[in-house]
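**Q** This is the structure, below, for whatever I ask next.
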Amino acid sequence: MAPVGVEKKLLLGPNGPAVAAAGDLTSEEEEGQSLWSSILSEVSTRARSKLPSGKNILVFGEDGSGKTTLMTKLQGAEHGKKGRGLEYLYLSVHDEDRDDHTRCNVWILDGDLYHKGLLKFAVSAESLRETLVIFVADMSRPWTIMESLQKWASVLREHIDKMKIPPEEMRDLERKFMKDFQDYIEPEEGCQGSPQRRGPLTSGSDEDNVALPLGDNVLTHNLGIPVLVVCTKCDAVSILEKEHDYRDEHLDFIQAHLRGFCLQYGAALIYTSVKEEKNLDLLYKYIVHKTYGFHFTIPALVVEKDAVFIPAGWDNEKKIAILHENFTTVKPEDAYEDFIVKPPVRKLVHDKELAAEDEQVFLMKQQESPARGPSGSPRTQGRGGPASVPSASPGTSVKKPDPNIKNNAASEGVLASFFNSLLSKKTGSPGSPSAGGVQSTAKKSGTEGEPQSFRSLTEQCCQTGQKTVLSNVQEELDRMTRKPDSMVTNSSTENEA
């Protein structure tokens, strides 16, 4: 079918119509070709457009809060090595519509404030507009959350001020961020939009999207860049309920303060758990949504107490006030640390109970204990005698409470018997004029006709158990024997004369 313009030309006459129709046909073809060329050019331009590079994620958090483990999990690695100072890794981003890949830089600052000067290597004045900030809070230690968030927010604010960004440029960043916060539109239920398709998610015309005024406590600390508050280790909520008697009121109080902080900075709030892999996919999608503009179709989640998600721009003070209705023992204006109290530390008492004696001291005591006598007196040993000699009395025991007194008395008795027997032996020999008197004395002492040898005396001494007497008895007997012999010889000579 010929174009309408050509049909009108044919009605003009028999000569000119053919020429006119050919000229109009050529112009129409050129117009069509230019239209197709513009369409193809636009498509090819979009196809050649790549995901922007140079995007940064800056992560703050205390030591042990799980920030490195969280980002390593988002990266797809199973185990990450803990660094020192300023850690670096990257997230792989894939645009399925354009089959394009890029990498998003991730900088993790050490939990020690000593390393905050390293931020200048991660974010500069030129790269600030391409940066997203993540504050990591440890839900297993909720009493540290608010203090930690305030501390790291102050560190970031101080770093931005040191960049000396021109005031007009900083105001542009703040206005753009405030507009994004106000233009938030909650995704409709059943929305089937591709989460990878790039572009703003809008509904209706621009005239319908009227920016609502901000509340009194909303965006009071506008940093000009998107902020994300991520609570890690949310699986510890059950432990808090069992060990620290946390109730729903405590959890609502914590959530209310977190959402209040997020309102001040225009931040989003996400509860995560690497252990249970909870909300990790949601966190990744929200990050690429805020950094690369991918469509995001997940609404706010406030039902589950350990899987909360509050996107930036959704919350307000009236929604937070719903949590206040469940407060019974605390008021919304009460200080956070007055209700979420740090549990007492019982480490000192625990260490005192487990204190052990030094191994070397214990071995020294064990080495010294066998050397002590049964009653504490030092042990003495005879010349060749045994270590202990039983007493002659069958009814007495070897160990006595105080054997010194009895041993001394026995020693004196042995010496007296020895001297008497010695005198009776020497003076009672045949031919002695005084033999009768001496023998009578010997009879009284019960030693007549029974000469006692040194062996019998030694055996008698052994029966007493006195090692001191045993060791010196031989010398004493020799000395005493020589002296009475001389006395008896002199006495016999005088009698004969």
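Placement of Cβ uses the backbone N, Cα and C atoms for every residue, glycine included.
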**Q** Scan Ser194, Ser393 for the residue that Swiss-Prot records as phosphoserine.
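**A** Going through Ser194, Ser393 one by one, Swiss-Prot annotates Ser194 as phosphoserine.
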**Q** Taking the recorded positions one at a time (Ser65, Thr68, Ser369), which has its Cβ surrounded by the most other Cβ atoms within 10 Å?
**A** Ser65
**Q** Where does Ser65 (ATP binding site) sit in DSSP terms: helix, strand, or coil?
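**A** It is coil.
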**Q** Please report the distance from the Cα of Thr68 (ATP binding site) to the Cα of Ser369 (phosphoserine), rounded to the nearest angstrom.
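**A** Cα to Cα, Thr68 (ATP binding site) and Ser369 (phosphoserine) are separated by 56 Å.
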**Q** Report the member of Gly64, Gly66 (the binding-site residues) whose C-beta atom has the most other C-beta atoms within 10 angstroms.
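**A** Of the binding-site residues Gly64, Gly66, the highest Cβ count within 10 Å belongs to Gly66.
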